[in-house]
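Listed features, source Swiss-Prot:
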REGION    1-105  region 'N-domain'
BINDING   ASP34, ASP87, GLU159, GLU161  Mg(2+) 1 binding site
BINDING   ARG47, ARG71, GLU159, GLY232, ASP234  DNA binding site
BINDING   ASP180, ASP182, ASP234  Mg(2+) 2 binding site
REGION    341-349  region 'Interaction with PCNA'
COMPBIAS  354-365  compositional bias 'Basic and acidic residues'
REGION    354-374  region 'Disordered'
Amino acid sequence: MGVKGLNQLIKEHAPEAFREFQLKNLFGRKVAIDASMCLYQYLIAVRQSDGQQLTSEDGETTSHLSGMFYRTIRLVENGIKPMYVFDGKPPVLKGGELEKRMIRKKEALKQQEDIKDTATVEEMVRYEKRSVRVTKEQNNEAKKLLELMGIPYVDAPCEAEAQCAELAVAGKVFAAASEDMDTLCYSPPYLLRHLTFAEARKMPIDQIDYKKAMEGLEMDKQTFIDLCILLGCDYCETIKGVGPVTAFKLIKEHGSLDNIVKWIEENPDSTKFKVPENWPYAEARELFLNPDVSPGKEINLKWQEPKVDELVEFMVKQKGFSEDRVRSGAEKLKKGLKGGVQGRLDGFFSVVKTEKRKPEQDKKTKGSKKAKKK
């Protein structure tokens, strides 16, 4: 779900934290991508002309494989070295949000069934998209595909976006890529958004610089996490009636969620806000401060040449993809991964800071030059 309104708050208070650019600007970069988020997007977006998902001859959905294969190739063609992180077991605290999602899926399926005799194709597709969920089998198929493509992946112990951030913090990758803004709660140096679908939708990639965001918001990590919880995250409900502007104002005035809760409880008559009963905000904060992740420094990432024959067996013979296109894709992978090895020029040079010269120094320098001319 992410954090409601956070993107706009950062744009407003820390505009220098934002950059927009194209895929080619990430040449030579290694990026950790939230695989679970990608697969969900592919199942929704990769469709036939009639709006239905891609399927094999046996009727099995293959939209997730098509998206993962071709969009990963586009990244590699642009000199990017992608790796993927898959979700592990969700934290207990996320159970409420997952239950809500399941209820929404059931409601969408029921509505789809109720209107199937009278609805237009567009309406049926809309309701079908609302019911999309990534299955365990689809996750496993995506992992098999990545292995055959020579692209590394990691199974996170818990949340994929937390593991992506951990890899970025450890210096194994340049950035974490996810649509979930709560990825910033794990303090990756950079968060990339729209990475895997920017070209398809003809939109730029957003990069958020964590350090500049904190400087602009004038917050430390824990205060920022408290802001995100107050805005609304996956781990607990928020205080009703508190929108982004009010949340930012309350955090600035009181400094922490603990102080906000205390203020509301001590002043019930002077505020319209009411703290949810047994509100687990402290537990949610702890999940962000100390996420369950595998240590990034212990993870070795290795990009290899694709296993072409096995790739053809899986994608063509088992899943019904075009052999010519799969073989062509494999060649692009080989070429792209070799090209990406060249790296970036800024990886070979360090930036040297130069102090600004004082006006007096400039005058002295000019004076000495004149003396020499004489």
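Every residue number used here counts from 1 along the chain in the order it is shown.
Positions of Cβ are set from backbone N, Cα and C atoms, glycine also.
Shown on the structure are the features that Swiss-Prot records.
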residue	record	DSSP class
ASP34	Mg(2+) 1 binding site	strand
ARG71	DNA binding site	helix
ASP87	Mg(2+) 1 binding site	coil
GLU159	Mg(2+) 1 binding site	coil
ASP180	Mg(2+) 2 binding site	coil
GLY232	DNA binding site	coil
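Rounded to the nearest whole angstrom, the C-alpha distance between ASP182 (Mg(2+) 2 binding site) and GLU161 (Mg(2+) 1 binding site) is 8. For ASP180 (Mg(2+) 2 binding site), the nearest of the binding-site residues by C-alpha distance turns out to be GLU161; the candidates were ARG71, GLU159, GLU161, GLY232. Counting every protein chain shown, the number of other Cβ atoms lying within 10 Å of the Cβ of ASP234 (DNA binding site) is 21. Annotation for GLU161 (Mg(2+) 1 binding site): same-chain Cβ neighbours under 8 Å, separated by at least 6 residues, are ASP34, MET37, VAL85, ALA176, SER178, ASP180, ASP182, THR183, TYR186.
Most Cβ neighbours within 10 Å among the binding-site residues ASP34, ASP87, ASP182: this distinction goes to ASP34. Taking each Cβ in turn and tallying the other Cβ atoms within 10 Å, the top scorer among the binding-site residues GLU159, ASP180 is GLU159. For ARG71 (DNA binding site), the same-chain residues that are 6 or more apart in sequence and have a Cβ closer than 8 Å to its Cβ are CYS38, TYR42, THR196, PHE197, ALA200.
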